[in-house]
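Working notes for the structure below.
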Amino acid sequence: ALPGKIIQALKRVGTENPLVLIDEVDKIGRGINGDPASALLEMLDPEQNNSFLDHYMDVPVDLSRVLFVCTANNLDTIPALLLDHMEVLEVSGYVTEEKAAIMSRYLGPQAKEASGLGAADIYRKAALKLVEDLGEETFPEPNESSATSASASDAPPTTSAVSPLLDEDSTPSPTSSISLEQEPPKTVESQEPFSNEPSLEHQAAQESLDQHQHHGERKVITTHERQPMAIPESVHVRITPENLKDCVGPPVCQKDRMYATPPPPGVSTGLGYVGNGSGAIMPVEAMSMPGKGGLQLTGKLGEVIRESAQIGLSWVKAHAYELGITNNPEDQFLTDRDVHVHMPEGSIGKEGPSAGIALLSAFVSLFMKTRINPDIAMTGEISLVGQVLPVGGLKEKILAAHRAGIKMIIALAANRADVEENVPESVKTGIRFVCVENVREVLEVFGEQGATERGEGQEAEWVRKIWAEQWSW
């Protein structure tokens, strides 16, 4: 038995006010040895941690001066009572320029030193292209591996190019072999016996020694001193965007956008927040077919996003006449049709309310037979009466839209301050932000930017006509 980890940490640092880092606190769970969350609750509670009781020492210990820092990837799995005793600080993912700076200043020099190409030149454009090819990778480990490959894979052609320039005398030659005879293993015979009867270790060691002596085995170790190959100063290794593929291979196949051209009716582009701290493009596809008015959802969707789809469909049904879908306010809608909604990448779970306006826009596009510009992405929760509500993770979503080449983002007006304060200017360049308050303003954007199939080459005036003539809610 030993004292607990926190007592061992205090003993190791020798001070009463250290900083204690608890990593991956969102992955703790109850087991047969107890509940770690309960112990953490006692340590983090300022009303209790001044007399924390370790079961081994059975003496109260004052932890009130200890600074605890916990890390987590997902707040949803942290017990609510434990989370209430923490101050949450969200750390966003790196932008492309930050990743390139990390690779140029830290990972690049390490890779060049490890591969023996300390004088290699990695152009900044090559570093940016390498980061872009990695796509949604957030953590530096993949960059480190790729940076090492970019230097190490140049070593064979560099060696073949430099070897004709080297003199024979400069070629490193192995030193003479050194034969070492391994000493016989020491046994308990070389020590003073504590008792007259041999122990089990004594017997095993004696049998091993007798076996080696019987066969006359002697292990010979040969070592060669290796010298690094001297590369002339006239030879330089340059890694540019053009030869980057020869160094690290073809880029990882990652498709941020499914639709580069106008998609068919019923398709919209949403923005999502991934649990690892990055954003992602989330296309929504809707299709109608003969049926009995049912709604089918696929794509590994959670309960909240399923409710958002139901809210969006109910809103469209309630305003079918105002939208021009039906000819009479009393007409029944979707009584003989089923609607199927799918969100691609079905192996990845999706949850949250931020796809609300994307789902509703897909329904409107489907039933009005209009196309939504694929350069428009949106995020926001919707209410049953058509109000747009704020969502989180907006910076990460904008970074994902920037990577995918999105030109317009629709979000709630209340999130404007978050965009202006937290999103870098380099990311906002080239993206138009449209702030909305309700669904009507969202559809007005499509009326300005979309194109309809009802007439060849005609601009989409359907939304303006609806607002001017029929809208009554």
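Here the Cβ of each residue, glycine as well, is placed from N, Cα and C on the backbone.
Taken from TrEMBL, the feature region 'Disordered' covers 137-217. According to TrEMBL, the compositional bias 'Low complexity' annotation covers 145-164. According to TrEMBL, the feature compositional bias 'Polar residues' maps to 171-180, 188-198. According to TrEMBL, the domain 'Lon proteolytic' annotation covers 262-449. Annotation source TrEMBL lists active site at Ser354, Lys397.
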Is it possible to get the count of other C-beta atoms within 10 angstroms of the C-beta of Ser354 (active site)? 27
I'm checking region-level scores; what's the whole-number mean pLDDT for the domain 'Lon proteolytic' (262-449)? 89
Close in space, distant in sequence - Lys397 (active site), Cβ under 8 Å, 6 or more apart: Leu271, Gly272, Tyr273, Gly279, Ser354, Thr379, Ile409
Going by DSSP, is Lys397 (active site) part of a helix, a strand, or coil? helix
